[in-house]
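Below is one structure; the comments refer to it alone.
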Ligand code: F6P
């Protein structure tokens, strides 16, 4: 069998570990050949490939990003996109695809499966917002980066009796902010799932200032005040997602004005996606890649590899993407316990 591999959507630490594991298991145990499609779905649409074999995946386990590069191309938004994928796969002798991606990339894999293309999916996202899997790889790395940032911001905030607002990625799910907020001991954690009261936040920061204490506010890029959402611009991608960002600056400005305290905002942004994956993410990504190779070998298409408890299992791809896995209110309550002076 000849298997195509692609990575779509935002990059994520651990992608290379999946590619390596799938290629090594698929070639060594089953004798399959592999080809890499570059730039997500753009690769099979335009026939952009790169060699993928035992040697070409050497020394990539610990590398962040993706050796296959990525894009947010949506074949269902491009005239003739699906037909082009089928045509290029046939011309290259590719029998099946391993698509590594988040809700958008895997959403396309579900549709392509229905349209007769053999696909298996591997879930990835630092946001940890895919259903059917307990964790996605990349999340642990991103949370560790954000936690280290909070640790570092603490000492400087404390030295100057300041408030520092840290804006953390995660689009519509507050997982990264919740976990980094708890792990870093943030005094206030604001997530998209629960609209916040800016007056309450400012009063809380003021009380801490009066008690001689600095404050760290962890805010998710998708969090919004009860008054509404703050957006930098209205730009949207091929999957209709609005570009987020700006809430950190807004929260810092409001705190400064309302609590009359010197406040700074830090936007962690793509720092959270770059660099080497943690050991947890390398192992999870490897296990998912191994299982994806086995699924393709068995012809078990339309399935997504998932972590459930400590087991890697296969579930229908749409079970991972139909409903976004957001933070339940009771989990947010874990963080609220620590909002105190
Ligand atoms: O979905 C992953 C993610 O990193 C989100 O946390 C963030 O909102 C988005 O991607 C940023 O996308 P881009 O790479 O297009 O800036």
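Each Cβ is built from the backbone N, Cα and C atoms, and glycine gets one as well.
Whatever TrEMBL says is automated annotation, not expert-curated.
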Matching residue for the substrate site, where TrEMBL names 125, 126, 127, 169, 170, 171, 221, 264, 270, 271, 272, 273 - out of 162, 282: 162
For residue 104 (site 'Important for catalytic activity and substrate specificity'), nearby residues of its own chain (Cβ under 8 Å, 6 or more apart in sequence): 8, 9, 72, 74, 239, 241
CB contacts for residue 127 (active site, proton acceptor) [other CB atoms within 10 A, all chains]: 26
Among 10, 124, 169, 264, 271, the recorded positions whose C-beta sits under 6 Å from ligand 1: 10, 169
Farthest-apart CA atoms of 125, 126, 127, 162, 169, 170, 171, 221, 264, 270, 271, 272, 273, residues recorded for substrate, distance in Å: 33
